[in-house]
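Each remark here refers to the structure printed beneath this line.
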């Protein structure tokens, strides 16, 4: 069975933008849409990987909605997609990206891809850290001969090696995107 497609919640009150972004994103992701803050909260689940959030909605302030999203999920990445020009207030805003309209659909797609890469990096890093802790605990508690004879310990070390290589690969991809953003 294959992994489920990443899930995006698109919160946008302008129907033409909501439809255009949804049409493009639906080719690669499971997309839920909401035109209001209330609808966004109703559609927010633990399965949502990325939220694209308009900063001004008819019934909600985007910053308040951002805080609500962050309080309800611990793994969701959020990009503001808004007509509000950024000011210094965005420094304290817990967003992972900030896009100023008009935003081409390709830029929205690239943003979602980048945020999903960050999520993959975070997940891989956490998995690697957990395995490194286990290796360290075993190295402190077991003798070198016991470790050398253990098939489980060899599998653990092989998994650590694999995750380190995977993490390096993801980091290289993320650094390439970061360089593109700085240009």
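Placed from the backbone N, Cα and C atoms, the Cβ positions cover glycine too.
TrEMBL labels come from automatic prediction, so no person has curated them.
Feature annotation from TrEMBL assigns domain 'Response regulatory' to 7-116.
Sequence annotations record features per position, and here TrEMBL assigns 4-aspartylphosphate to 54. There are 26 other Cβ atoms within 10 Å of the Cβ belonging to residue 54 (4-aspartylphosphate).
Residues 114, 117-118, 120-121, 124-125, 127-128, 131-132, 134-135, 138-139 of the same chain sit 6 or more residues outside the coiled coil (146-180) yet have a Cβ under 8 Å from a Cβ within it. The coiled coil annotation in TrEMBL covers 146-180.
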Secondary structure content, the domain 'Response regulatory' (7-116) (per DSSP, counts of residues): 46 helix, 26 strand, 38 coil
Mean of the pLDDT scores, which run from 0 to 100, over the domain 'Response regulatory' (7-116): 92
